[in-house]
Amino acid sequence: MALGARGWRRRSLLLLLLWVTGQAAPVLGLAVSSELQIQQSFVPDECPRTVHSGDFVRYHYVGTFLDGQKFDSSYDRDSTFNVFVGKGQLIAGMDQALVGMCVNERRLVTIPPNLAYGSEGVSGVIPPNSVLHFDVLLVDIWNSEDQVHIQTYFKPPSCPRTIQVSDFVRYHYNGTFLDGTLFDSSHNRMKTYDTYVGIGWLIPGMDKGLLGMCVGEKRIITVPPFLAYGEEGDGKDIPGQASLVFDVALLDLHNPKDTISIENKVVPENCERRSQSGDFLRYHYNGTLLDGTLFDSSYSRNHTFDTYIGQGYVIPGMDEGLLGVCIGERRRIVVPPHLGYGEKGRGSIPGSAVLVFDIHVIDFHNPSDSISITSHYKPPDCSVLSKKGDYLKYHYNASLLDGTLLDSTWNLGKTYNIVLGSGQVVLGMDMGLREMCVGEKRTVIIPPHLGYGEAGVDGEVPGSAVLVFDIELLELVSGLPEGYMFIWNGEVSPNLFEEIDRDGNGEVLLEEFSEYIHAQVATGKGKLAPGFNAEMIVKNMFTNQDRNGDGKVTAEEFKLKDQEAKHDEL
């Protein structure tokens, strides 16, 4: 079609624009520049690397003639074009046009025939002397000299251990191509990737890229394809010759040869006893994973964890880690998974997880323990010692082994009063009050099987708790011989019945009996068992004599204690 003057001027303007700005202009059928023309239609903000001669690239393109007719497109094949740059594998114009490109950069490239297919063209595809226009998007770039590239963007302040060959690790990752396209993510599966390092379970680049990492560290590992899935890709999501970028966060690390480790021990100055196999422990703990994630806490339940140690009641690592502790000790026990919950995990604990227990030992005892008595003060005259049947008045402070105060008579402002051996206190306390003199001060430690047992006292004494009583004996009233609730302090009148039966009617009623016994006690001629209700004792004595239960005692029914079978009362 012939062009008039106006049309010629328009074409000249467009060609000038193409030369000066690199903007592709529509061709109106006349000759164009013989120079390669490049327009950068998009350049990413970050460009850590550009294409150099000798690099291998993966890119998408759309190839058109200058009239807009498409002759080829990588998008139609759903595959990038993969090739070395500067090695004669491309037309000269494309070899030049790709140099200096960044990943994700987009270029519009116009290639004259002399830098394309020349006067011969490509039969059936590209006519001779064709100017070619390519819309190019660079997806990937690497060089055969590349190694694994590591960029650490977070490292915890404390890094006591790093990944070594043969370690087992648990980590999260996002896997992308160089252009940012996500191909896989452990986060999407909500499950860590768990594997050995350095023994061929991973692609070579990841085997190298993970070495030296700390738990809690985050790094970006860029892997060239020859250290990843190579020319063939993985057959699913990863194409051949693809560089891979892994954004990795290391959560866990151990070696199958690991044993438990004990850290951050805080041992009280006074440690008279250390735990042994067979002991029963009460302790608080926080249980976390290596990355600090809390999975359990006894504090949240407001109740200690109570267990035997060394007998398989807890995981092997804790069985071992709790040996040799002192009461009041704090320690951190790090348990590898083969001494914890293994490959399967348990509840909120993932498989193959290293566990960290921060424990505080509250108390422990052994089922074979008896009470422990430590006397702190004895008065100069300490000859009268407490025994079964004695009536005692004493003060005490009751606490747990960790010092937690449970009860105090001093706070209440009154003594605690009991008859020793009558079952009015726990067995360990009964034992701890024996052979004590007035004014003496002692500490009695009572194991739970001699205290309040596994159940404890709801809201007051924890189950299986060892108890500590600081005691001061203030008063001791000697009791009666075992089996007696009343005794005479002198000779008994041979006319006892007649003395009780003051009205001489041959019958003694309860009122008469009670009045007589109390009179004997008041004058010191008789003594009731101390610490018991006097009226109840007298009533029981009367009932024992009232053999036919008619509410009165006759001379025939009346007998003294030494005239009865054992344990009968007056």
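Each residue, glycine too, has its Cβ placed from N, Cα and C.
Looking up the ranges 231-234, 255-258, 567-570 in Swiss-Prot, the one annotated as motif 'Prevents secretion from ER' turns out to be 567-570.
Long-range C-beta contacts of Glu557 (Ca(2+) 2 binding site), restricted to its own chain and to partners at least six residues apart, with a cutoff below 8 Å, comprise Gln545, Asp546, Arg547, Asn548. Comparing Asn302 (N-linked glycosylation site) with Asp550 (Ca(2+) 2 binding site), their Cα atoms are 59 Å apart once rounded. Under DSSP, the residues of the domain 'EF-hand 1' (488-523) split into helix, strand and coil as follows: 18 helix, 4 strand, 14 coil. Note on Glu507 (Ca(2+) 1 binding site): other Cβ atoms within 10 Å of its Cβ, all shown chains, come to 15. For the binding-site residues Asp501, Asp503, Glu512, Asp546, Asp550, the greatest number of Cβ atoms within 10 Å around a candidate Cβ is found at Asp501.
The shortest Cα-Cα distance from Asn174 (N-linked glycosylation site) to any of the binding-site residues (Asp501, Asp503, Asn505, Glu507, Lys552) is found for Lys552. For Asp501 (Ca(2+) 1 binding site) paired with Asn397 (N-linked glycosylation site), the C-alpha to C-alpha distance reads 50 Å.
For the recorded Ca(2+) 1 site, residues Asp501, Asp503, Asn505, Glu507, Glu512 set the reference point as the centre of their Cβ atoms, and the other residues of that chain within 8 Å of it by Cβ are Ile500, Arg502, Gly504, Gly506, Val508, Leu509.
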